[in-house]
Amino acid sequence: SKLAALFKHPLYNIPVPEVTEKDKLFIINPMEKFSLHSSGSDEWVSSSKAETLLLTGKTAYDTYPTWLKFHIGINRYELYPRQDPLLPTLLQDLATQRIVSSVQKSGGTQLKLIMTFPNYGQALFKPMKQTRDQETPIDFFYFSDFERHNAEIAAFHLDRILDFRRIPPVSGRLVNITKEIRDITTDKKLAKTFFISPAGNVCFYGECSYYCSTEHALCGKPDRLEGSMAALLPDKTLAKRRSWRSPWRRSYHKSKKAEWELNPNYCAQVRETPPYDSGHRLLNLIDMTILDFLMGNMDRHHYETFEKFGNDTFLLHLDNGRGFGTHSRDEPSILAPLQQCCSIKKSTYLRLQLLATEPYRLSDVLREAMAADPLAPVLAEPHLQALDRRLGKVLVAVGHCLAR
């Protein structure tokens, strides 16, 4: 296993700083069990009055569902640990747990559902929009591209292989539209959009600002539909997140260019602007840039951080559905932050060099990581080959910076 060898490599065993109480997203009393608000909300709260009878030798923590252990494990430095024993169970839960509720997630240009499990865990479901071998048409603007369910799955595994661990766990899943969405939804607006197509398939389209109409309906075969299931982060009422506009955001206009596309010295002014004038924020943003270039994702207009940790923390790499749309061409402009700032974390650079060598080839370890997903193969083979080519281009860009 190349993947197992990779995770045993010294570069993947650099210790994270010691995690103190103030570095944890949640501080919990290990003696308390967790119960739910009586209001029927899906948020969990600490309850001293909860039944405290536990099996001999078990702690209250042992009784928590896996998704709750995942939330409790989040800290200033990582979303989940490198050798996380919870990860296989969490991915299996996302793929197999019974769905008891499906409602549409508000906002966004495309249809997404929030699905709830019997243990109150929740996942974000993105349905299949196009087949794995379809490429984004060459005349499409990045902002009118589809979101791809398989890109979300591949992005999670790629992020983990790069040792960023900033994307919540994602699993593929085959969903029954009739039993797991239509029959159990309490969302009246969503319920109104179900119909049977002329081919006899169950379809629905929901309500959203862009691709929610009968022309863009999602149809099962006859009611089976592929999708990605992403573990939800803690509710924002429990763990506030801050949204940051990316300094290298695109113009989202058919003819206008953004300032960074016109000014080659743009990075100098970014370096003087908070929060990029201190800490690792700019280097973390360049990590995200490299992830996006490898995936071909041009749609990174914002990113988020946990408010509790201030500027000294990682960036959350959420919403990766517009990655892996094209394998036959690369988008060099995604690398602008790296090229303009000529900065990269040493650890990131060393890992990229490692992933360009035969024993740890990026395409091989990613293929292996995704092989256990219920929807494998997740990516068409040309996308995996494109990753190796793009990794070479990142290393060339760093080489130019070093030469300068």
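Our numbering is plain: 1 for the first residue shown, then up by one each step along the chain.
A Cβ is built for glycine as well, from the same backbone N, Cα and C atoms used for every other residue.
According to TrEMBL, the feature ATP binding site maps to Q110, K126, E147, A230, A231, L232, L233, E304, D319. Its Cβ placed at the centre, L233 (ATP binding site) has 21 other Cβ atoms within 10 Å.
Counting every protein chain shown, 23 other Cβ atoms lie within 10 Å of the Cβ of D319 (ATP binding site). The feature Mn(2+) binding site is assigned by TrEMBL to E147, D319.
TrEMBL lists 194-403 with the feature domain 'FAM20 C-terminal'.
Among the features that TrEMBL reports, active site is placed at D299.
Taking Q110, E147, A231, L233 as the binding-site residues under consideration, the smallest Cα distance to D299 (active site) is found for E147. The 10 Å shell around the Cβ of D299 (active site) contains 18 further Cβ atoms across the protein chains shown. Comment: ATP site residues Q110, K126, E147, A230, A231, L232, L233, E304, D319; largest CA to CA distance 20 Å, whole number.
All chains included, 19 other C-beta atoms sit within 10 angstroms of the C-beta of Q110 (ATP binding site).
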